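Read through the structure below, which is laid out as structure tokens, and then see the notes.
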């Protein structure tokens, strides 16, 4: 909204999400680990100058570097700290009053060749109020002293980061008798003096002392929990220390989920080329549209001079050429990608951290389920996992996953385990759908492969270019792409066994089962041989696609997490189609899938299995242990859901058109959420309308869904142009695509070289 420096917002404004999570205004705060803090502060010298409150802040700060530190230093004296592994020095200097002693200490750093601290944190006032019994003379002297110190701090601010900590309010009811004179009224007067005097003489924006006023806001909410009414509770001072770490370290470490104090990243060479391409597409489309419009106007009506009657032209509307359709698609895509960039790369819109509560997850879930039920319609066909049903399944799963992401529910383990099943169910459908197509159609042509690969990867490739992210960052698309190629290779390799061939000889069924067993063996071997897996995907050009942060561990983890479920989907499709061919199941409208007795038994087992898995997932205590079991047991709940959804005839004959609509654009929804619904690459939430969380979610969701739907249409239109059915034309397109990726690799190499 206001633009400006997010550091100012971080140091001066914010609010609590719940009781302990601090949310700065307009930006996201990263939670620094010890290793990150050490890397940021390597070879740095940090100094805290002040009273017991500053000493508290000092201890919280050094605990970010070394959590084992105990608060055992002398109370009214200097306290040194050094971490030799990172060569970090942090000192606390006891100067409880703003006086000549403090001035002399600060002045020593401005003279000669004395090494200056990289970070200086100063603050004091309560001792002056206490010693002088809150007298006005003490306040006047404070103003004189701070006036003499201000130019020295401003001089240091040219080369160091200097922070003046404004005084926190006190909880007057809890103050001891010796501190009763420290009132909030006096504290406000001292703060007002500091704000007015500091930076008043500085003309240079780089030589400004940063006012650390956010501590006052934090104290207003938490001072009631203070042990003595003067000092902040531990959680509050830890928050202040984390804010200090973000102010200094974000511009150095550049964490994805730490948007505060981070400058806008410069445009890369590939981004500049993409910008030029989309600009030319927009200009080209506008020129062609204007030419067509003028031609259409000329032919729209012509008057017969003799009869005075108006004649209609022979051609009512001009045909849209392939070039115009191509330019129209790229024109729309260019505008959409501009919105993506502005949302998640430019510092135009605000971003906030996620904060999980049970209501923020479960209330929207109930809401969309009720909506889905209201849009119930009859299916066109009543087969198991028919098109409407699979679209519905994808739709409600995608909506649940979206709510899971925006609510930050990954911190709640039972929800996390159930969402893992939904992701597995998507991959199950990948195995089921592609196996069914190849088994029934027997179409292993290049056109089919290219169509699938284009539809899966088009949006992600564009986002990798525009948002400067690696392919593996959008992990789900690489996952379904690789599994599609594995399914294709398994069925296309000699001997090609399809339904038509197998119907002539039952032995072919055993041949297919043998193929599936070989696939399962390979999956099992790779899942327990990380070295072999990493070697396969470390070869160029696979390494360019599957590496993240310089290694393929993330890819191995993602693949391993759902390694068996695609195989389960293929096996289910094989068994189901075999039963269907032998007419062992009844798929008539309203008919149960099996005989009444068998249907009832299977339905009971399915419900029990479904509930048993949910109870197990809800009782999970350790994410690592549960993730180890997940690949083997997730199929239980998936199969249970399929049977519950399909055994009763009535349930199989209806579907929710609301969920099915979302299911048709589920892939686009999953990918687009990274940048235009969530923020900071899914780590935070995009804020288009600050101060109104519910209204903001409504507006951003509406735009997000519209954009996803539009991208789905653009992808479908471009797929018809880029992947034609004619083989010679398709070969030419493939050569062009190969040239495009070669150019992309060349520019990427140039880009990497310039970065290093």
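Along the chain as shown, the residues are counted starting at 1.
Glycine is treated like the rest: Cβ placed from N, Cα and C.
Annotated domain 'NXPE C-terminal' per TrEMBL: 22-71, in sequence order. For 253-734, the entry in TrEMBL reads domain 'Cas1p 10 TM acyl transferase'. What TrEMBL records for 269-291, 355-375, 395-416, 446-466, 473-495, 507-526, 561-579, 599-617, 629-647, 659-680, 692-711, 731-750 is transmembrane segment.
When Cβ distances are compared across the two stretches, the transmembrane segment (731-750) makes contact with the transmembrane segment (269-291), since 3 or more pairs at least 6 residues apart fall below 8 angstroms. Averaged over the domain 'NXPE C-terminal' (22-71), the predicted model reaches a pLDDT of 94. Taking H, G and I as helix, E and B as strand and the rest as coil, DSSP gives the domain 'NXPE C-terminal' (22-71) the counts 21 helix, 9 strand, 20 coil.
Between the transmembrane segment (659-680) and the transmembrane segment (507-526), fewer than three CB pairs separated by 6 or more residues in sequence fall under 8 Å, so the two stretches do not touch.
When Cβ-Cβ distances below 8 Å are used as the criterion, the transmembrane segment (269-291) is approached by residues 321, 323-324, 327-328, 330-331, 333-335, 337-338, 465-466, 468, 744, 747-748, 750-751, 754 of the same chain, each at least six residues removed from its ends. Outside the transmembrane segment (355-375) by six or more residues, the chain places 17-18, 21, 23, 396, 399-400, 403-404, 407-409, 411-412, 415, 656-659 with a CB less than 8 A from a CB of the stretch.
Sequence-distant neighbours of the transmembrane segment (446-466) (same chain, 6+ residues past either end, Cβ-Cβ under 8 Å): 270-271, 274, 333, 337, 340-341, 434, 437, 473-474, 477, 480-481, 484, 488, 667-668, 671-672, 674-675, 711, 715-716, 718-719, 722-723, 725, 727, 730, 734, 744.
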